[in-house]
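Per TrEMBL, these features apply:
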- B:6-28: transmembrane segment (TRANSMEM)
- B:35-54: transmembrane segment (TRANSMEM)
- B:66-87: transmembrane segment (TRANSMEM)
- B:99-118: transmembrane segment (TRANSMEM)
- B:143-164: transmembrane segment (TRANSMEM)
- B:200-221: transmembrane segment (TRANSMEM)
- B:227-243: transmembrane segment (TRANSMEM)
- B:250-272: transmembrane segment (TRANSMEM)
- B:278-298: transmembrane segment (TRANSMEM)
Amino acid sequence: MPDVDQNQAQASLTPAAAEGAVLVEAKDLAIQFGGLRAVDGMSLSLHRGEMLGLIGPNGAGKTTLFNLIAGNLRPTEGRILIGGRDVSAEGADQRIACGVGRTFQIPRPFSEMTVLENVLTGRQDQAGERIWMNFLQGARVAREERQAVGKARALLDFVTLSHLENEPARVLSGGQRKLLELARILMAEPTAILLDEPAAGVNPTLLEVIIERIRRLNADGKSIFLIEHNMEMVARLCSRVVVMAAGRHLTEGTPRDVARDPAVIEAYLGTAA
Amino acid sequence: MSVELIAYGCFFLTVALTYAIMCLGLNLQWGQTGLFNVGIAGFVAIGAYVSALLTTPDTAGRLGGFGLPMAVGWLGGALAAALVSYLVGRLTIRLRADYLAIATFGIAAAVQLCALNLEPVTGGPFGIGFIPRPFAAEAGNPLLFSLLNLALLVIVVLLLYLGLERLVRSPWGRVLRAIREDETAALALGKSATRFRLQAFAIGGGIMGLAGAAQAHFIGFIAPENYLPMLTFQVWAMLIVGGSGNNRGAILGAVLVWGIWAVSAALIAAVFDPAQQARAASLQIAIIGVAICAVLLLRPQGILGEIRTISRHLPSRAGKAQTAESRPE
């Protein structure tokens, strides 16, 4: 288990987490890639308002689980429920309509588009995305676009990227790309956000910004589901942690309990250790 | 300047503008959306044949013609090509870029073979003649006739340009570019890549069909050999030279490449004796190929290059910056 000793920071139990209704539920999820079952009978639930962590050694199937929940992969077995509705058969483009947004482990900015345009793309239900509206209802499209720009600028301010709004996204550093991706998905106003390693490859200063922003989002009522290798960050942010190993649900609990669990230590270090 | 020279200039520009229309259609598909269509000739042919069938007078031994007004023909040609594009798109749009290319190439070949062999509909190898020409009443005055034709094409190209600019600078255009850059990320933002791609593919195909109709009426005669893969190659050359992702580049590229094509044809006719000219005509293709290589080496983004297209609803300062590099595609 990495950095267990440094994780003395108290896990801040958000009050909403304890009784919050189930928002996203995975039931016996499995996916088979050839001979490999990357996710093998995994069940978990994300509660409304909760900040849930997902940890596990490399190759445990964390990102694959995210891809299943986000609709990028179809499960071989099991179901995904969002707000009680079975969305297992729906595509990734329909998740945001259910209120679930995601970021990527390796950020995927629209490189040649400006930072501001990247964020604007996150806007949902724009009249201007329908061809005819641009000719028949130009004024409405323009009005919505002005509102969108205002909101996008506020979000860029939130993630400290305002000064770069007219730069193409390709000039951003790795950490800035993660922040841009966060602003972009926030533009879509999800109720739950799946964050895939938001701290990976981010310098310490920017990391503090990211941690603080995630905390604020959660305080504002967003449910957060976080994959992270940085245990200190998980301990600071999450009230509950699910541990995955070899595609399965190993255990779950508070960050402190999980960090002490012999089964977890064994999963990270192997039986020989 | 002699009347003949001006008339020829108009003729040259009119033909170039019909290619500019095709190029605008391709720019929407490739330049904005990243759809690799190598079946342009097929969609152009559909527009040309449908318009010809709709507008030519009743002909013995062939379907139609229906003798409808020319505007109906142009619109019908565009709609037919858009419909076929839509249907083809439904089947192929999920294919990866290289497979889409193979599929569209095959479709163009099928269309061309249909034109060649469906004699009761298309006139077979003899094609369709007596396609009504715009302003035919003025044909006695070559200068006026060619000026009016040029004016018509300028208006069509201008309207298309303005309409397309409005679209690519709208949230719709932004989604197209987002999908082009990263489909997975666009999906995560709730954008249905399939729907937007299909729309762009169908509109682009419809525009190519319109170009086919315009060209058929301007020349007055169509035959299957007009719609060989060479046409697709020419239109691609025009877009690459002018600047993919830029509607003005598409128009400029069409005029320039058509200029190179026309001048090289004249040169070959002047330099080679008649017995060698048929073979020497291949040099035209070689010259276009060299032009593409030169542009790709010296200015890979094309002469105008892609403008960083921003929403037209934003302050213009953001929209003026040009991308320095070409897209990594």
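Backbone N, Cα and C atoms are what each Cβ position is placed from, and that goes for glycine too.
Spatially, the transmembrane segment (B:200-221) is adjacent to the transmembrane segment (B:35-54); three or more Cβ-Cβ distances between them are under 8 Å for residues at least 6 apart in sequence. Contact between the transmembrane segment (B:143-164) and the transmembrane segment (B:6-28) is supported: at least 3 Cβ pairs lie under 8 Å, counting only residues 6 or more apart in sequence.
Here the transmembrane segment (B:250-272) has Cβ contacts under 8 Å with residues 12-13, 15-17, 19-20, 22-24, 26-27, 31, 157, 161, 234-235, 237-243, 280-281, 283-284, 287-288, 291, 302-304 of the same chain, all six or more residues outside its ends.
The list of residues near the transmembrane segment (B:278-298) in space but at least 6 beyond its ends in sequence, with Cβ under 8 angstroms from a Cβ of it, reads 230, 233-234, 237, 240-241, 257, 260-261, 264-265, 268, 271-272. Here the transmembrane segment (B:6-28) has long-range neighbours at 37, 40, 43-44, 142-143, 145-147, 149-150, 153-154, 156-157, 160-161, 164, 167-168, 200, 203-208, 210-212, 214-215, 218, 234-236, 238-239, 242, 244-247, 249-251, 253-255, 257-259, 262, meaning same-chain residues at least 6 beyond its ends whose C-beta is under 8 angstroms from one of its own.
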